[in-house]
Amino acid sequence: MAPVKRKGSPTEEKRSSKTLHADHRSPKRLRKLEPESAKENSEKTPASTVQPTKLSTLREEEPAFPRGGASVLTPLEYKQIQIDATRDVLFEQNALRKSGDAPGDDSEKANDTVGPLKKRKILRGKKIKKANATRENEENEVRIEGLSYKRATPGTLVLGQVSQINDHDIALALPNNLTGYVPLTAISDQLDRRLDDIMRDGDDSGSEGSKEDDIDLKSYFSIGQYLRAYVSTTSDDTSTVAKGKKRIELSLRPRLANKGLSKQELVVNSMVQASVVSVEDHGMVMDLGLDDSKVKGFMSSKEAGHNVDHSQIQEGAVFLCLVTGLSSNGNIVKISADVQKAGNLKKSNFVVEAPTVDAFLPGTAVEFLVSGVRHNGVVGKVMGMLDVTTDLIHSGTATSGKNLDGIFKAGDKFKGRIIFTCPNSEPKKLGISTRQHILSLTPMQAFQGKDTKEKKDPVEMLPISSIVEEAVVIRVEPNGGLFVSVGVKGVPGFVHISRVSDGKIESLSESTGPYKLGSTHRSRVIGYNPMDGLFLVSMEQKILDQPFLRIEDIKIGEVVKGQVEKLVINDAGAAGVLINLAEGITGLVPEMHMSDTKLVHPEKKFKEGMNVTARILSTEPGKRQLRLTLKKTLVYSEAPIFKTYEQVAVGSQCPGTIIKLLNSGAVVQFYGSVRGFLPVSEMSEAYIQDPSQHFRIGQVVSVHIISVDTANRRMQVSCKDPSAFGLAQQAALKKLKAGEVVHGPVTEKSSDHIMVELEGSGLKAILLLSHLTDGSEQKNISAFKRVRVGQMLRNLVVLEKVENKRLITLTSKPSLVESAKAGKLLTQFDDVKEGELVSGFVKSITLSGVFVQFAGGLTGLILKRCLPEEAIRLPDFGMRQFQSVTAAIQSVQHGQQRFLLTMTGYDKPKEVTANTGTIAGPGRPIINAVDGKSTTVSDFDFGKLTKARITSIKNTQINVRLADNIPGRIDMSQIFDSWDGIEDKKAPLRKFSTRQELPVRVMGIHDARNHRFLPITHRGASVPTFELSAKPSDLESEDIDILTLDRVKPGSSWIAFVNNVGKDYLWVNLSPNVRGRVRAFDLSDDVSLLKDLDKNFPVGSALKAHVIKVDPQNNRLDLSARSTISPSSLAFDQLVKGMVLPARVTKVTERSIVVQLSDILSGPVDLIDLSDDYDEANPAKYTKNEIIRVCITDLDIPNKRKNLSTRPSRVLNSSLPVKDPEVTSITQIRINKIIRGFVKNVADSGVFITLGSNVTAYVRISDLSDSFIKDWKAAFEVGQLVTGKIIAIDPLLNHVQMSLKRSIIDKDFVPPITFHDIKMGQIVTGKIRKVEEFGVFIVLDGSANVSGLCHKSEMVDKSAAAVDPRKIYEEGDAVKAKVLKIELEKRRINFGLKASYFKEEGGSEEGDSDSEAIEGGEAEETADSASEDEPGEQGGVDIENVKDFNSEEGEDYDEKSDPGNETENAPIAKGKGGLSAGGFDWTASILDEGNKRTMSDSESSPDVDKPKKKRRKPEIKLDLTGELDANGPQSVADFERLLLGQPNSSYLWLTYMAFQLQLSEVAKAREIAERALQTINIREESEKMNVWIALLNLENTYGTDETIDEVFKRASQYNDAQEIHERLTSIYIQSTKNEIRYPIQKADALFQTMVKKFSQSPKIYLNYATFLFDNHSSPAAARSLLSRASQALPPHAQLDITSKFAQLEFKCHTGDPERGRTIFEGLLTTFPKRLDLWNVLLDLEIKQGDREQVRRIFERVLGLPLRAKKAKFFFKRWLEFEEKIGDMKSVEAVKAKAANYVKGITVAE
């Protein structure tokens, strides 16, 4: 009974009993599967050996009876167990037969005697018993499984390491040689919102998004970073050609990566995934993705990692963080992303205890107890409950070469990190790793050498695709593969069994076979997994022979061989060919690169499987794209390969492909992204007009590199042979001048031009057919036919030279040749002289005139009126292009570099011979020298002091004559010695006049061609132009100091004169030959002047500048006219907090503007810093390139950050109140303070408000509004202005909490009216919500949407049948109603609108007017019907109605008005030039006079108080037209009748407006004003202005700020803007109504705008100063205006404005007379002869009443050298002063002084 004895062994019994109780299996179920012998054996087993301990209370019980009664095993598994059991039984039987002395032999022999039937029963019993035992063992054991594609089901959590970062996804290396991909849309919610914003902005702009808004994943993640990922989907990889490739899609979202975690599972030292919500000053707010939205993470800036600047971390970035602590309520989780802290397990940074097993997620470090060691891994338990496994790779034994038994012992404790979960396993099981790099959360590193400790990335030491010649086998897994040493210490390679050989291998052996331990093999690295720390290696011969494994292995420009995979077909035909280069690597040959010639039938040439040779054009590994070419000219070219611009050398030659043709040239593509531009001038030595006629797209051209700009990635190429243009030719081309006469043979002749090689230089030039003769086109053709190749052409003139294109244009027109020989051909602008006769040719013809071209590209214009009369009537003025023209120069505009020509009204100049005095040399005589001494030209040598007569004055020079035939010029830089000597800075030469004679000193000869002057020895021209100087210092000294650029030093100050005005620069002259530039930034401290450079800095104006930079080698000079440091050279270390700088707006967004401070500094200005009043913080009011003032408010020197502000309180000396003070710190905020801010972020938990650049407040959802908002997120948007109240402050955490509830903010808050607040009989107001046939629904004002019904029977006092509510009311009409009935149960309210309801309550104007409006509608209908019956009575007036109307108004007037104010309230008289801003009576009291005349009649009427019943026809009709003159208009009809006769009378229109205002019809008054503006004739400007002013008054009194602004903008458009601004300021100043609108502050703001907009008007400054002195009581601000006015106003206006400001000090009550005297003293010291100033000062002092001061002034003024008449005036005035306030003694003293003055004059005469 050997089998029975074996089954009864203690080990077997223990295992079976343990399985039974652990799995809670039913004994009945087991008995069905066990044989009888097993039953007996189990009954004999003691109970003590059967009772086990439970494995875990957390495991779910397996059902005792599966559904349907089936086994828990699948049929296939059950069948396999039966087969295995049968084989084992047979093997045992065979073994027993062979061993005769085996135990139990007798029993076996006895059994042999049993019959065959009994044997089969015994065998069947053994087989079933064996199957049951095997099944129980497998169910009990924990299987060791690594992560695989099959087990990575959706929902699995894994720990991965970032291995690659692409444009739209990132690749994560996963355990066990898996790779997962995280798309851009599965990273975090914050990143999704940013993507939505980018897409929305792109849709709004209609163009591609800015590069600044693109998301760069490299700024969010780093290679080697560890992250926890959630498996979203698994599918076949369609992005690669390789078959069988699987793709795992992952997600990093915290709500998925932390799936299963709750608030309770967050324990210290566990790992949690978090995304950045916002970056604050001291850390980051993190989203943990938990179901409880109140739980947030916070990461301190110190916990971001070593040397990590937390401010650079992007919102939406994801980190795997260590939980370091929890707040008291658990809502704030303190986390750390510092890898050094999380990976240091020596400090117990692992989870010791947890409430549930859900706390154990991938990435968390744990300590586990080894419960079993097997051949394929280790099994353990965490906290004695949770099963964990680790395979060979992640146990570290596979890489170290050691056995598992040598490292792991059952019962030992080890630290590991969870790397994946098994969601489908029961009981729960986790995969862990004990590898050191995973425990420390650092990338795997390998030792660089045997004797060094330096570590390096394994891939750097052994790149992928490398071939390892000797790979040594260090471990053999029979069914798995080989572990081999590849030469990298600590990082082995793994060869899967399928990659050991090209053939199939069933198993491997450690001791036998070719792959035993220690054997060496040739292998190739095909990959690397940083999580496993293993190289993936292949020993397959096909892999070793494969040329490429990856696209990264392919080099650009490499010649490769491949096979045609298929032809790509699109709508246009064949678009390209796909070439397979290796397994999984396919490249595209574009259509243009299929062949050197265009293929008509490419499908016939390229067959699938065909072998081809190609060259790599470009590679894009990120997109897995290859571009190849099959052009033989490129494939077999031996020219150098240009892969980058840095490799390109100027002068080198390389073939390229034309990919684009333009009119100006072609774009040539080389290798990679290198492209070059081929200009049309460089395409051929011959002239090419249209490149498309000579080249085609796809053509290969051999080009030479002309220039390369590596910084801007630009290159210029040429098809011309550079050897044909050597240094000698370059020098000859540079020396060649336009207008020079040349000769040369014809080298080429085409259909429309001739190529000529210039004699002596070898330069190629072009002679067009149209430039052969002066004659007609036929003559040109005839002359062209006579020209032959090789013929010598003489007397050719260089018409134009383009040096950079080596293009020379010639002409042989006789007229131009003769002019060139005579030196009269115009070649540059300085050659243009008025009155000279010149020759040229027609360049183009327009409707307004003819453009004539000369040599050097110089062009003049002949206007239509300057052409001959007979030519004007002809088409194109009888001219053609290139026709020869002779004309006279009519006028020259030096500033614009333009000149006009004329062909009429000039005489041909007489020929002047040498005997008449024409100067041809220095010894020639001169005519009528100005100094009267000089006789010949040689007399004017260098340094000679002589005289010159002014002939003309230009912007930058004075043209003079030294004699009648000797011209000269004085540059404006050679006139003034000092800045003070320039009286008019904008026009320094204004003080000179023509024919004025000046002393000058000769400096040299002016070279008009090069804009410089030469020494006297260079007298090349027949009539030289002398360069002269009129500087006082040069006239006094004989040694003339000529300024040169090398003498100009940085920091020196100079007087500069504007020579030219550019867009961003001013070109200025320091001397005739020293020129520099001034950037717009550096022109002035006053930014307002920089908006219009042409106006504020005209050509010829003077500047006081200092030198910034000098570069003599490049002839460059940079200057600045600012008094402070130059912004263009401003660096960050020069910034100072509080500094105010000019800045240029470079970008405008909805929430900020970006400004440029200097060449290297720029920054944003946020909404919070745009204005002192957040209502005006609108970035849209700024335009790109606008120059504004900004202030440096804060500097972060370590991070080189700056905060900028454009607040007026920061950048201006503004007196405006700061409505929204600047918040720079949390200490400025107090609890219960009401403050405004802008929405920064709308989160799920609430709204974040920006209060300052460094202060952000949080508003909970419950604090957003008093009422419930269903979609509260839609009510707030980023950048929205909100008002709130501070309710909590935490200075330690820098947290501010505020509320937006109106009930908290507004002290006078009235809660909305509810249904229960309504009372019977209550009078309420509301609006019509809906109009029905039976009545109207009214919603009450100020209620919580309380509404009710007013039946049509309750609308009027007449029958309801005649009332149609739809004709009376519209939705939105405002009404007053009375509550008639309230039904509490049904929550219904009935209203009444009858007029009688309100009269009972005491009468109400609104109620009466409402009822009258209702009845009025019917009355109008009646009147219309009456007019149809009686058309002859249309002009009648209802006397009864008029009297009733007047009587009511008359009574109101008696009670409310004061008759004594009639004259004050009367309107202005007609005929005055405009309306006074506040002189019109808007209470319409002008009608009171008419009302009084009719008052007695109305009072005597007994029916005044009775309601009048409207009649169908008036009883009496009278014509009151005759009484209109006496009584004035009394009704609408009267006004309309008068306006028909006087439509242009503003007085009548304004009276009509006042009439409507008396009736409280503000809207009708507005309509009348609009009618007036449309009716009054456009020529009646003053009348229209009166209406505009009245409309502004109307809106100021009755309107809102918005309506005032709208009228003001329109008025400024249609009238003089400055006058409208002044009138509105007057209205604001005189307005005392409605103090809430701050009229004084509005006036101040408007004045600020006027000062900027009309800075050239002295009146504006004076009015503003008067306002600040008298109304605003801000004398300091008023005085600061004087310096601002002095900078903005021209010099001639500065004296007057200074005098006016001084007078204000005397006249205004807030002024300081002593300050005014000081200002006058300064003026009188500078201008003592200005007697008007003395008179003004005397008037002011006389009013002050200081007698002694007045007498001192009289004595001072009479002490001046005055004329007798002026002296008499002052003596007389002095005498009158003394007679009025003095005594007889003082009177006699004045008389005595007058007598002495007269006596002194007589003696002098």
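Just so you know, glycine gets a Cβ as well, placed from its N, Cα and C.
Per TrEMBL, the features are:
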- 9-25: compositional bias 'Basic and acidic residues' (COMPBIAS)
- 32-43: compositional bias 'Basic and acidic residues' (COMPBIAS)
- 44-56: compositional bias 'Polar residues' (COMPBIAS)
- 1403-1432: compositional bias 'Acidic residues' (COMPBIAS)
- 155-253: domain 'S1 motif' (DOMAIN)
- 465-540: domain 'S1 motif' (DOMAIN)
- 557-631: domain 'S1 motif' (DOMAIN)
- 651-720: domain 'S1 motif' (DOMAIN)
- 739-813: domain 'S1 motif' (DOMAIN)
- 835-904: domain 'S1 motif' (DOMAIN)
- 943-1019: domain 'S1 motif' (DOMAIN)
- 1051-1122: domain 'S1 motif' (DOMAIN)
- 1138-1207: domain 'S1 motif' (DOMAIN)
- 1232-1301: domain 'S1 motif' (DOMAIN)
- 1321-1394: domain 'S1 motif' (DOMAIN)
- 1-70: region 'Disordered' (REGION)
- 97-118: region 'Disordered' (REGION)
- 1400-1474: region 'Disordered' (REGION)
- 1489-1525: region 'Disordered' (REGION)
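With helix defined as DSSP H, G or I and strand as E or B, the domain 'S1 motif' (465-540) counts 3 helix, 36 strand, 37 coil.
Most Cβ pairs under 8 Å to the domain 'S1 motif' (651-720), among the stretches 557-631, 739-813, 835-904, 1051-1122, belong to 557-631.
Here the domain 'S1 motif' (155-253) has a mean pLDDT of 82 out of 100. Note: the stretches the domain 'S1 motif' (739-813) and the domain 'S1 motif' (835-904) are in contact (3+ CB pairs below 8 A, sequence gap of 6 or more). Helix, strand and coil counts from DSSP across the domain 'S1 motif' (835-904) read 14 helix, 34 strand, 22 coil.
Using DSSP to sort the residues of the domain 'S1 motif' (739-813) gives these counts of helix, strand and coil: 13 helix, 35 strand, 27 coil. Broken down with DSSP, the domain 'S1 motif' (1051-1122) shows 12 helix, 37 strand, 23 coil.
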